[in-house]
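Colleague: One structure coming up, written as structure tokens, with questions to follow.
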Amino acid sequence: MLEEDGATDADHLVGEEPGSPARQPGGERAWSATVLEPVRWVRMLCRELGATFVAGVVLVYGLSQGFAGSFFRVASDYYWKDVQRVQPATVQFLSVFFFVPWVLKPLWGVMTDVFPIHGYRRRPYFLCSGILGTVSATIVAMATGLPVSSAVLCFVGISTAVAIADVTIDACIAKNSVDKPALAPDMQSLCAFSSSLGALIGYATSGMFVHHLGTQGALGVMAIPPAAVVFLGFFIYELKTYQHNAKEKVLNKVSGAVKGMVRTIKYPVVWKPSLYMFLSLALSISTHEGQFYWYTNKTPPNPGFSQEFVGLVHAIGAVASMVGVLIYHKYLKDYPFRSILFYAQLLYGVSGLLDLTFVLRWNLALGVPDAAFVTLEECVSRVVGRVRLMPMMVLSAKLCPPGAEGTFFALLMCIDSLGMLAAKAGGAAVLRALHVTRSDFGRLWLAVLLRNVLRLATLGAICLVPTADQTDVLVPRELLAASSPAAVANEEEERLQLAKLTSHTDDV
């Protein structure tokens, strides 16, 4: 109660009360309120959702996904190009394996929901995730002459570690989204802000580390984020549970979770938007590796960007991604799902024409240097991509039935991962069919053009998205009635009582 009063007093200092003597006149007051608004917002989330939950979101999304993901993207691209020296289509194909752990997210979700370890459903999985990621990153950084198959295995280990940490924190997010639906957009905004800030730092430093430490030395930095996730496993708040006949109850819970997923996905309000999200991701085939090999090729007339510049451009893109989050949070989170996703997908397809202009070198004909144009293209694509992604994440969280939030959210993320896997595999097939190699980029523009056409074709499936607002409850009433009333309340009460008993016993 004192904490809430303190937060309220802080709000008054920002300028909530007209008669407050702490308020300053004119522009200074408005500037102070603007600067302190994020602080008030984070304090509100900590008060409503718990400080350790907010810290966990920042650590997983900001450090493990944002920083490590962006750093890995640049360092791994140079690793395959300069250390393993494989063709772009081959790299595109190998990257499909990195998505396998994300496709297995329902498995991780079932484990976190129904397989508690020593009474905890979240903490142990953070620990396992962190250890796996640290070991995998250390091996790929220190081993010399590593075979391609072993390198792929290490990268899959890194990806698995991030996926397990992601599904564990997502289970917490999904539960809070159901318990407090009004805060669902705010939680996704927190995730996106953290991810974008982490990506900014990762991209800004990746090129420098690759240049000064070498590709493998830079990959050694990838061991830091999973080590931090190990720490998260010790401090995140979670009630300890204890159950008699644990083995039998676990099997019943697994059976119930699987049946619940099948029952839930059959509802049109669930499978239709899930299908749209899959198509939106799968039809946007990835040509990233072909473009990366092209714009880092030093042979004229290719751009020949340096390692530092590649990292800098991605860092600027991360700032643009944060701008996209701000635009969504401030102006777009109250729009209906179908409206915002329609215009976001339309802009996503149109903005892809900037890539086509760059590959065809039309920017030089217009008098725009490569460095300026690629920076513009990166900013536009990041803003549009973020505005397109965030409503999908809110929609996914809204579709989770109470009691199986982690499992079902993992299923939806698995569907999204299958879409991204299909996009990677489709891009690899297109690059190989068009004979795009390490030195031949003559038909790269055709791959980019096909990608843009497929992005626009996704608009034909927009009718699958509900017209509901982003704050509406989308879970079917039958599922809410079956899982949310007394059964869930009694289960939570039982956990609380067991936690108190355990705490009392430990004190004795």
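Even glycines carry a Cβ here, placed using N, Cα and C.
Unlike curated records, TrEMBL annotations are generated automatically.
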Colleague: State the residue range annotated as transmembrane segment by TrEMBL; the candidates are 86-104, 447-465.
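Modeller: It is 86-104 that TrEMBL describes as transmembrane segment.
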Colleague: Which one of these stretches, 125-144, 150-169, 217-237, 269-289, 340-360, has the most C-beta pairs shorter than 8 Å to the transmembrane segment (49-74)?
Modeller: 217-237
Colleague: Determine which recorded stretch among 125-144, 150-169, 190-211 has the most C-beta pairs below 8 angstroms with the transmembrane segment (309-328).
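Modeller: Checked against 125-144, 150-169, 190-211; highest Cβ contact count belongs to 190-211.
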Colleague: When you look at the transmembrane segment (269-289) alongside the transmembrane segment (408-434), do they share 3+ Cβ pairs under 8 Å, ignoring any pair fewer than 6 residues apart in sequence?
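Modeller: Since 3 or more Cβ pairs under 8 Å link them, the transmembrane segment (408-434) and the transmembrane segment (269-289) do come into contact.
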